[in-house]
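Structure first, commentary second.
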Amino acid sequence: MSVTNRSNTNSLPFLLMGIPSLEDLHMWISIPFFFMYVMTLLGNTMVLLTVRLDKSLHEPMYYFISMLAVIDLIFSTAVVPKMLGVFWLDSREIGFEACFIQMFFIHTFTAVESGVLLAMSFDRYIAICNPLRYTTTLTSQRTIQIGLLSLVRGAGVMTPLMCLLISLPYCKTRVIPHSYCEHMAVVELACADPSVSNLYSLIVATLLVGTDSIFITFSYGMVLRSVMRLPSQEARLKALRTCGSHISIILLFYIGGLLSMYLQMFSFGLAPHVQVLVADLYLTVPPMLNPLIYGIKMKQIQEGIFKLLSRLTGLSISQA
């Protein structure tokens, strides 16, 4: 294929199918996704405001929680509004560049979240195993640097993948059998060998997830060993409650991500709409549940949210 023809072909928009074979149910399917998106916006915004306004929460652990809230807001906003446009308005068209920008945000912030979860495990390791060194090791400046490093790492490893994918000619059908620009679904539309991009994405995913998972497991293993040695049962329960919320988020993130990835790579005899629904739920359920888990599991966040709501309620009453 000539360079000119390839350029002309790649300038054409893609068409998102939504959920294959369930097009007639799009309106009904959109209801839970809309609800989850609204809950994601409200919950994560509430966490950000609580940490911002409550000075007692100006600590590294809550900064990391704020980073997760920002990631969840970006993550879901990159996908759900367009998904709802497909469901509600049959607005299936997405520009060629917009498709890969959406894909870039999804993969980049998945990698960033993995880095933040690793940082949170390190935070708990220092706080419980070396408490005397906590304030000197994890300063506010160093916490911000860790967050920026996670962002640079995510963008750095995903930029080459996007360059590889954009360089492929897409001369097959322009219809993506998905609700968003899912990586594997888009690659299948290429009429050139995508083995280089597939190999790169597999290596990057394995190294990132594998390395982060190993260090996270080691950190929480050491934390658990230290917690079991605490003389006070109350202290043990307090430490386990704090770490329990972190572990819940980690399991939700990694298990959901691996399930979604493997179902896209290997169908296991499942209908296409099941694969698409699992992928859609992975991008919408964790961002909604993260602030709920922190609100339920972490007493400080819970108290901060109550303070914020009381302040907002009092302000509205005084204005009325």
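Using N, Cα and C of the backbone, Cβ positions are placed for all residues, glycine too.
TrEMBL: automatically predicted annotations, no manual curation.
Positions annotated as domain 'G-protein coupled receptors family 1 profile' by TrEMBL: 43-294.
The feature transmembrane segment is assigned by TrEMBL to 25-49 (among others). Among residues of the same chain six or more beyond the transmembrane segment (25-49), those with a C-beta under 8 A of the stretch's C-beta atoms are 18-19, 65-66, 69-70, 72-73, 76, 80-81, 83-84, 86-88, 280, 284-285, 287-288, 290-292, 294-295, 301, 305, 308.
The transmembrane segment annotation in TrEMBL covers 61-80 (among others). Residues 33, 36-37, 40-41, 44-45, 47-48, 51-52, 102, 105-106, 109-110, 112-113, 116-117, 119-120, 123-124, 127, 140, 143-144, 147, 150, 179-180, 249, 283-284, 286-288, 290-291, 294, 300-301 of the same chain sit 6 or more residues outside the transmembrane segment (61-80) yet have a Cβ under 8 Å from a Cβ within it.
Residues or ranges marked as transmembrane segment by TrEMBL: 100-122 (among others). Distant neighbours of the transmembrane segment (100-122): 61, 64-65, 67-68, 71, 74-75, 78-79, 82, 94, 143, 146-147, 149-151, 153-155, 157-159, 161-162, 165-166, 180-183, 186, 208-209, 212, 215-216, 219-220, 223, 246, 249-250, 253, 257, 283; these residues of the same chain sit at least 6 beyond its ends, with a Cβ under 8 Å from one of its Cβ atoms.
Annotation comment: TrEMBL describes 143-168 (among others) as transmembrane segment. Nonlocal intrachain contacts for the transmembrane segment (143-168), taken as residues 6+ away from its ends with a CB within less than 8 angstroms of a stretch CB, comprise 10, 60, 63-64, 67, 100, 103-104, 107-112, 115-116, 119, 183, 186-187, 190, 192, 194, 196-197, 200-201, 204, 208.
The transmembrane segment feature in TrEMBL is assigned to 199-223 (among others).
If you look up TrEMBL, you'll see 243-263 (among others) marked as transmembrane segment.
Under the heading transmembrane segment, TrEMBL lists 275-296 (among others). Through the fold, the transmembrane segment (275-296) approaches residues 19-20, 33, 36-37, 39-40, 43-44, 46-47, 65, 68-69, 72-73, 75-76, 79-80, 83, 106, 177-180, 182, 245, 248-249, 252-253, 256-257, 259-260, 263-264, 267, 302, 305 of its own chain, all at least 6 residues removed from its boundaries and within a Cβ separation under 8 Å.
Here the domain 'G-protein coupled receptors family 1 profile' (43-294) returns a mean pLDDT of 85 for the predicted model.
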